[in-house]
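One structure below.
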């Protein structure tokens, strides 16, 4: 008997194993079958299209001349579309692959955990008290919170059910617990494969036991996918089947997200045992906050389970949630009683409603139910009582176009001024001085408003500016103690002193930049509109040096700092701004040379003054102050002094730039001197009126004598000056070469920095877009960038 029973069990297990093998084979071949079906479906669809088109063409030929040709064609097209839809649906059904049970349950548990987290966040949002207990008075939707708790409970039960299904799936083909010893060992005669139920083991197809709770064994090739011998975990490391692995992963995620502490080898009955033991409909007892009263009086209006229960009016007849239903029943009963319809309720509420109807009929003064009765309110009368009838006249309405921040300030000032004037007139009319001051303040405010609401410009006194310039000449960045001391001495605000130093530094830097951009041969010029303190200070210091050099050549009535320049285009006498001449102090050799070359000063007629002024534009830009001179001989003398200063600067620049070509330059100067002498002789005749004045005649005689002296001593001075100039020129050239090398190195360093920044930006796609939109000088050059490599060699 026992042998027959064991044979029957073995036959049943073999049948189950065959069924499972067929399923596994179907899943393995499903992918290949799917691809083959897709290819065949594509071919069949093309063939079907061709057949349908041929049929349509043949039928259209036969029915071309019939009346119902169009209708037949439409009917045929609809039939073809329907057949295509049916075929596509069949193909979709056939192509559907059965999802593995372990993957399906794993997705299900992931969805349930996300849902639990969302509902728990809703509960936590209303559970906290907030900062200083402000959330205590928050309106709490109790129905929504109760629904969230029910959803969490349902999710927990769903997780329990998923683990139960995994245990059932893993129990198929498992070994009995009797066979397993207390230490977990199993005899080899009792081990069989859960898929094929065979006990045989081969070297390349060995039987492997699952270390989970399923108590199953598998051949290596019976698994899906088959397990290779190399991938078998060595030593004490465990191997798990797909169902046990899925169960372990689900329990681990539950413990991590929800905060539970279930062991990995726990049974499905141990998971959420308390929630499963609760009776149906008592989910609210799990909630710790169910006894809290609702802060909202109308919180019971919304019941999220109304749709599920089909309205739920019958369940809310008695209790707090049936307030609205009671009111509706009362209103309907009142309407029915007024129309003469009898109410047959038979309950206690029906008697109460009938009593209320009788009370309404007997006394009209008392309102028992229904909407609140409010008497009509005359809002115009209420407004007059609160603000008075004259409130509209006192208010001055303004249009939207007149509104603005300046207008608001203006109205405020006008109202303040008007109120102060009224109070002063009412109190006493004797204080006329106070009224005048108020009027003056109003005028000032109006003038400020007309100018755009700007503040009055503050100017420092002259003595303070001079003192600050002296300190700035010593140090451009004085310390805080020095600035505070200056502010105390000059009785100024320390902030204004700091601002003055900041502005002067800015102006000095700007002037240095403009001078560095210009050519070295050109004169250092500053526009007449720049009235910075640094520029004025430099010009004042340089005019003192020029005055010392020009004392011997200029007549006694001439002033180098104050001179008048008349434009040749305008005949009208106009006043120009005073301009200070700024030149570098010449050397002793150039001074002697210029004193002997006095013949370079030439009397120029009024018709050629425009040419002289065009040559001297660079000099006139540096001048900042000028006055109108009444006498014409002073005008000519000022022009001559400017010319000498310009020539001094030109000679000095040429001496610095070209020291080796000094002899050729001196010969050119000699020829220029001779030409100027001839011009001076030619120009003496048209200037009879001007030569009558003593100052000009003496100047011409001195120039003629100076020209004769220069011709004789020119050769001697040239030799002496050439030697000295060569020495100075060598020093200057060495310094210039060093400066040029430093400048070149600085430029290369800047280019290297720019290239590295661009390369760093080019690594990211955002940086490429920015480089495409940016405008820089490197974009105009070639796209190839040459990066120099610096190599440092040690001196041997």
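Please read every residue number as a count from 1 along the shown chain.
The backbone N, Cα and C atoms fix where each Cβ goes, and this holds for glycine too.
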> Of 10-33, 34-57, which span is tagged region 'Disordered' by Swiss-Prot?
Replying inline: 34-57
> Which numbers of helix, strand and coil residues does DSSP report for the region 'Leucine-zipper' (738-759)?
Replying inline: 22 helix, 0 strand, 0 coil
> How many helix, strand and coil residues does the DNA-binding region (452-511) contain under DSSP?
Replying inline: 42 helix, 0 strand, 18 coil
